[in-house]
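If you check TrEMBL, you get these features:
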| type | residues | note |
| --- | --- | --- |
| ACT_SITE | B:Lys205 | active site, proton donor |
| BINDING | B:Gly7, B:Ala8, B:Gly9, B:Asp10, B:Val11, B:Gly12 | NADP(+) binding site |
| BINDING | B:Lys106 | NADPH binding site |
| BINDING | B:Glu190 | L-homoserine binding site |
| DOMAIN | B:144-309 | domain 'Homoserine dehydrogenase catalytic' |
Number of protein chains: 2
Amino acid sequence: MKLAVMGAGDVGQSVARLAGEYGHTVTAIADSSSAVWDENGVDVTEALTRKSESGAVGPNDPEGVLGAEYDVLIEATPTTLGDAEPGFGHVTTALERDRDVVLANKGPVAQRYDDLAAVAADSEGAVRFEATVGGAIPAIATAEGLGPEHVTAARGVLNGTANFILSRMQAEGLAYEHVLAEAQDLGVAETDPSFDVEGTDAALKGVILANVLDGGGHTLADARIEGIKDLPANALDVAADDGMTVRLIAEATADRIRVGPRLVPENSTLAVTGTMNILQFDTQHAGQLNISGRGAGGPETASAVLADVDRLSCDTTSSVRTGSR
Amino acid sequence: MKLAVMGAGDVGQSVARLAGEYGHTVTAIADSSSAVWDENGVDVTEALTRKSESGAVGPNDPEGVLGAEYDVLIEATPTTLGDAEPGFGHVTTALERDRDVVLANKGPVAQRYDDLAAVAADSEGAVRFEATVGGAIPAIATAEGLGPEHVTAARGVLNGTANFILSRMQAEGLAYEHVLAEAQDLGVAETDPSFDVEGTDAALKGVILANVLDGGGHTLADARIEGIKDLPANALDVAADDGMTVRLIAEATADRIRVGPRLVPENSTLAVTGTMNILQFDTQHAGQLNISGRGAGGPETASAVLADVDRLSCDTTSSVRTGSR
C-alpha cells in the first residue's frame, strides 16, 4: 500500500525505512517543518539523509502531505494533550478523504476517542492504533481477539523509562536522581522526564486501553495518576525485605483508570526489568493472559504500525498460507 | 454466525455453551457416535444434558452434521496422527461446501498442512486454527500480526501436563512416577499420559508453528522429539544448584523443529509453573515477544476458537468502536 508518514522522529523514520520490506511504498514523509512527496514513491534514504544533514526531509510544507497520494496515513507526530492537535486534524483530513489511518500518536486516541469514532463512522477509511500502547506488544489486537466485552481488566508496566529507573534503583540501591541522570545519559529518559516519571505517558496508555475495552468515553481527566518521583527513598528497601518490589502499574478496569507505584512480588510476572513492558488481561473465560516485550524503540514501534497496516486488508482471514520465511 | 460443532469433548462442549454469548448460533453438534442439528439453532443445554445422561447428544449420525446448515465448521474432534482422519475429511467436506473452518484439532494442521492449503485454495471458505497451539494464548494471530517472515524463531512451554509434572518435581523434590500419579488424580494428566510426557503433543504444536512461519512443508516426521519421562532423577536437583530449572521446550526455527527438556534459569520468562504455557517469538525488528496464559481447558480453548470465528469477518479492520463492556 501507499503510505504517507507524518512525523519523522524515531518511529516515523523507522516506519519509512521498514515500509519497503513489508511490501509498501512511502509516497510522502513530513517532519515538523518540511515534507516531500511523490506518488511513485519517495526515496526514503535520500529524504532521511537530507534531514540529518540539513534538518529538512524535503522542500515542501508538512501539511501538504495530507493532500498527497496515499492509501494509509501514518500519524507519528509527537503526542499532545488537550485537544490532541495537530494530530487529530491530520487524522480527520485523511478520514474525510476516505483514507485509512494508523496512529502511533497517543493524543487523539486517549483525548478524543469519541470524536475519532464519529469522524471514522462517516468515512470509508479505518483507524488503527496498535503502536500507541506497549510498543511491540500487540495490546490492541489481543484485546480485539479476546473480545473487549470479555476482558474484565487490563493492567501492566507500560512506561519503559519509569521501569528502567525503578529496576535500577532496586538492583543497585541507587537514589532516584542518580538513576535518572544515568537514564538520561543512556537516552532512556528525556531531558525533561516529567511525562514519563509523573505517570502521564502510562496514564494515556491506560486511557486508550479503557477506550478499547469500553468503546470510548474516557480521557486523561478520568485517570487517577501518581508518578514515581515522590517515591520514598526507602520504599524499595522496605519492599525488598518482604520479597517484593515496586512497579509503576497502569490499570483499566470497568470502573476506574489509575496509574501509580504498586508493590508486586519480585520475580512475579509484572516485575519486568529495564525498559521491558508487560500487559496483563483478566478475562471472563480464558483466565489471565500476559504479554511482554519491548515497549519502545523506533523499529519495535514501527513493527506495530506496519502490523496495523496489514490488518487493514481482509486477505488475512485464512491462517493457511503457502510460501516461506 | 451459524456454527456446527464436530466433537463434544471439553473444547467442543465449551464452544457450544459459549457461542451464544459471542453472538453466534449453534446449528449442529456431534459427538463420536451421535449428532443433533437444527437450522434455527440447537438447544445446547438440552443436547449436552442428553449426552451426560444417555451418552448421546442427539438421534442422528455424526457425519450428517457436515451436510447440515452452518457458516463455520468447528473441528474439535480428538487429534489423530498419520493422515489426521477423520478430522481432515471433515474439514475438506466443509471447505468443498465453501464454508469456513475453525480447528481445535491439531492433526490436520500439523500432519497435512499442505493438503489443507490446497483444499482451502479452491474454496471460498477460510481456515483458522488458533486453538491448536497454547490454548488461550493468541499464538497464531500474534505470528500473523508480526508477519511470519519477520519471526526468526518461536519457542515455548506448550504442554501443561509435562510442565505441571516438572514444576511439582522441582518444588516438592518428588519423583516422576509420584507426581504423574498426583497429576492423574487431579485430572491434569490422562490415564495414558504418553502423548504429553513423551513430547508428542508439544511437537505437534511446534510443527504447527513451523508451518505458520514457513507457509507449510512440515509434519511430525521433521521434529526431533525427547520427552520428560527419561529425565534423570537428579537432573532437577543438579539444575537447582546452579539456579536453573528444567522445562520441556518446543522450538521452531528456520532450520529445525525440536522438543526436549532444556535448562532454563529459575524465575526466567520461560520458567512458567503448573499448567501455564508460554510462547516466545524472536523477531527481526521488534526484539523478543513473550505471551503466557492458560494452555488448556475447555473455556480457555473455546475462547481461542471463538476469537477465530470473529477473525473470519472483515468488520474488525477498524480499532475504533463504540459501545461498552
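Keep in mind that glycine also has a Cβ here, set from the backbone N, Cα and C atoms.
Shown here: features listed in TrEMBL, placed on the structure.
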residue  : record                    : contacts (Cβ under 8 Å, 6+ apart)
B:Gly7   : NADP(+) binding site      : B:Ala30, B:Asp31, B:Ile74, B:Glu75, B:Ala76, B:Thr77, B:Pro78, B:Ala104, B:Asn105
B:Ala8   : NADP(+) binding site      : B:Ala16, B:Ile29, B:Ala30, B:Asp31, B:Ser32, B:Leu48, B:Lys51, B:Val57, B:Ala76
B:Gly9   : NADP(+) binding site      : B:Ala76, B:Pro78
B:Asp10  : NADP(+) binding site      : B:Gly297, B:Gly298, B:Thr301
B:Val11  : NADP(+) binding site      : B:Ala76, B:Ala104, B:Ala131, B:Gly298, B:Thr301, B:Ala302, B:Val305
B:Gly12  : NADP(+) binding site      : B:Val5, B:Met6, B:Ile29, B:Asp31, B:Ile74, B:Ala76, B:Thr77, B:Ala104
B:Lys106 : NADPH binding site        : B:Thr79, B:Phe129, B:Thr132, B:Val133, B:Asp201, B:Leu204, B:Lys205, B:Ile208
B:Glu190 : L-homoserine binding site : B:Thr161, B:Gln184, B:Asp196
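Summarising the environment of B:Lys205 (active site, proton donor), the number of other Cβ atoms within 10 Å of its Cβ, over all protein chains shown, is 27.
Taking the centre of the Cβ atoms of B:Gly7, B:Ala8, B:Gly9, B:Asp10, B:Val11, B:Gly12 as the NADP(+) site, the nearby residues of that chain (Cβ within 8 Å, site residues left out) are B:Val5, B:Gln13, B:Ser14, B:Val15, B:Asp31, B:Ala76, B:Thr77, B:Ala104, B:Gly298.
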